[in-house]
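Student: Shown below is the structure under consideration.
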Amino acid sequence: MTTTDRTPRKLHVVTHGCQMNVYDSARMTDLLRPLGYETVAAPEGADMVIINTCHIRERAEEKVFSQLGRLRKMKEEQGGNMMIAVTGCVAQAEGEVLAQRAPFVDLVVGPQAYHRLPELIAQAHRKAGAVIDTDFPVEQKFDYLPDDAAPQGVVSFLSIQEGCDKFCSFCVVPYTRGAEASRPVASVLAEAKRMVALGAREIALLGQNVNAYHGEGPDGSTWSLAQLMDKMAEIEGLERIRYTTSHPNDMGEDLILAHRDNIKLMPFLHLPVQSGSDKILRAMNRKHKADDFRRIVERLRHVRPDMAMSSDFITGHPGETDADFEETMKLVRETGFALAYSFKYSPRPGTPAASLPQVEEAVKDARLQELQGLLREQQNTFNASIVGLETPVLFTGSGRHPGQIAGRSLWLQPVVVEHETDLTGKIRMVKITRANPNSLSGTLLDKELIAA
Ligand code: SAH
Ligand code: SF4
Ligand code: F3S
């Protein structure tokens, strides 16, 4: 790898999919910086374009191909002087097929192989046709990523676990991200400390199944997520810790108690349940019942009464009847969610559910509408319940309008305050005065800092 060649080059990165892809895109940019690549906001005129892709639903995949169509034209207009790399989960899943379908693509790199990007780029310069690397290498990519990451801001994301061994009937992740693997504690702590030194006040730990984290501790023993977060809470300057995404089966008692004992852990949890019907949960291979989810939520609210819940739902999984869907609505009504994401089931190639008899599109749609109506109502109710509260807000930057600053509540809600002075990175008490559809408005309570 030549790190001495610093001819300035323009790099444009497009990111689809989950937060882990956002993290990966940032790390790819870090990897290419020593080679002279500087990021630009638009693809026109770029020397290199990376599309970091998502394969989770059909629509996510379609987006990639329409974007590639536009890039092809641009590349032609630049006389071929644009290296195009497709990375992420579509790259992993499609590999060769993608290279054939889009022959103007120079590099196809899976999510576990992108630390090899500098050498792959060199190979692509030498070779006609696409260079494809969709291996799951034995070495962990995290060991090969540079230490000098660019700052992400007040709220930073840190991948600590990758891959999934759960094989839910509908999901491509075990195929695109490979087997579950956790980073060692020391490497996570070192990165967290670097992030805080660069201005992070809140860190969200990421993983496809982040609560299954089982990293090697400094003493050689295996550490759980709760243990890791305990140690992270000792980092001075770090004020807030979150983790996402979790699976109900890995919600151990120590993790539940961390929401009581770890003062930096936020009272908000994204815990996907997918369905409220035991029959569908079984068909989905989720390996838990709706009541298991109910019990976890009850325990969490018992140890931390202000705990707010978020979740993911799928409507129209093969086999889902009106009665099954009604079970989902019932679970939602009983739980009360602060936030939720819901999707129409999308059959994905190679997954078990894709080969089963499918629910009609119109039925999937109607159920999604009904579910989203209820979830929206619950989100409004939750936001309205915060009005009147005096609560700490972590300020992340300026608001959309002049004279406004913006931050986040304990429960992930955007909060907007009229204030002239920049408070980025600081936590202040705010009285919440109004709930808007997607944010809260408030007024600064006093001059006293909670955290600088
Ligand atoms: N690891 C997480 C979520 C991964 S994907 C978990 O275990 O829950 C994010 C969400 O996308 C999932 O929670 C699910 O609700 C949705 N999803 C995944 N595959 C899907 C599919 N084939 N069709 C529709 N939604 C899907
Ligand atoms: Fe996909 Fe299930 Fe793994 Fe989540 S737990 S990533 S939904 S297979
Ligand atoms: Fe998509 Fe891959 Fe994330 S499929 S949701 S980018 S793990």
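Every residue, even glycine, has its Cβ placed from backbone N, Cα and C.
Taken from TrEMBL, the feature [4Fe-4S] cluster 1 binding site covers Cys18, Cys54, Cys89. Feature annotation from TrEMBL assigns [4Fe-4S] cluster 2 binding site to Cys164, Cys168, Cys171. Among the features that TrEMBL reports, domain 'MTTase N-terminal' is placed at 9-126. For 150-383, the entry in TrEMBL reads domain 'Radical SAM core'. Residues or ranges marked as domain 'TRAM' in TrEMBL: 384-446.
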Student: Can you tell me which of Cys54, Cys89, Cys171, our binding-site residues, come within under 6 Å of ligand 1 at the Cβ?
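Tutor: Cys171, in sequence order.
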Student: In sequence order, what residues of the same chain, 6+ apart, have a Cβ less than 8 Å from the Cβ of Cys18 ([4Fe-4S] cluster 1 binding site)?
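Tutor: Cys54, Ile56, Thr245 - these are the non-local Cβ neighbours of Cys18 ([4Fe-4S] cluster 1 binding site), listed in sequence order.
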Student: Which state, by DSSP, holds Cys89 ([4Fe-4S] cluster 1 binding site): helix, strand or coil?
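Tutor: The three-state answer is helix.
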Student: Kindly assign Cys18 ([4Fe-4S] cluster 1 binding site) to one of the three DSSP-derived states: helix, strand or coil.
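Tutor: DSSP assigns Cys18 ([4Fe-4S] cluster 1 binding site) to coil.
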Student: With the cut-off set at 10 Å between Cβ atoms, which of these binding-site residues ends up with the most neighbours? Options: Cys89, Cys168.
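Tutor: That would be Cys89, with the most Cβ atoms nearby.
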Student: Out of the binding-site residues I have (Cys164, Cys168, Cys171), which ones have their Cβ sitting under 6 Å from ligand 3?
Tutor: none
Student: So which binding-site residues out of Cys54, Cys164, Cys168 are up against ligand 2, CB under 6 A?
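Tutor: Listed by sequence, the hits are Cys164, Cys168.
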Student: If you measure Cys168 ([4Fe-4S] cluster 2 binding site) to Cys89 ([4Fe-4S] cluster 1 binding site) at Cα, how many Å is it?
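Tutor: Rounded to the nearest whole number, the Cα-Cα distance is 17 Å.
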Student: Within the chain of Cys171 ([4Fe-4S] cluster 2 binding site), which residues six or more apart in sequence place their C-beta under 8 angstroms from its C-beta?
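Tutor: Expected: Ile56, Cys164, Arg348, Thr351.
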Student: Tell me, what is the mean pLDDT of the domain 'MTTase N-terminal' (9-126)?
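Tutor: The average pLDDT of the model in the domain 'MTTase N-terminal' (9-126) works out to 94.
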Student: Measure from the Cβ of Cys54 ([4Fe-4S] cluster 1 binding site) and count the other Cβ atoms within 10 Å, all protein chains considered.
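Tutor: There are 21 such Cβ atoms around Cys54 ([4Fe-4S] cluster 1 binding site).
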Student: What does the DSSP secondary structure composition of the domain 'TRAM' (384-446) look like, as residue counts for helix, strand and coil?
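Tutor: Counting residues per DSSP class in the domain 'TRAM' (384-446), I get 3 helix, 33 strand, 27 coil.
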Student: Where DSSP helix means H, G or I and strand means E or B, what are the helix, strand and coil counts for the domain 'MTTase N-terminal' (9-126)?
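Tutor: DSSP classes over the domain 'MTTase N-terminal' (9-126) add up to 64 helix, 24 strand, 30 coil.
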Student: Cys164 ([4Fe-4S] cluster 2 binding site) has how many other Cβ neighbours within 10 Å of its own Cβ?
Tutor: 22
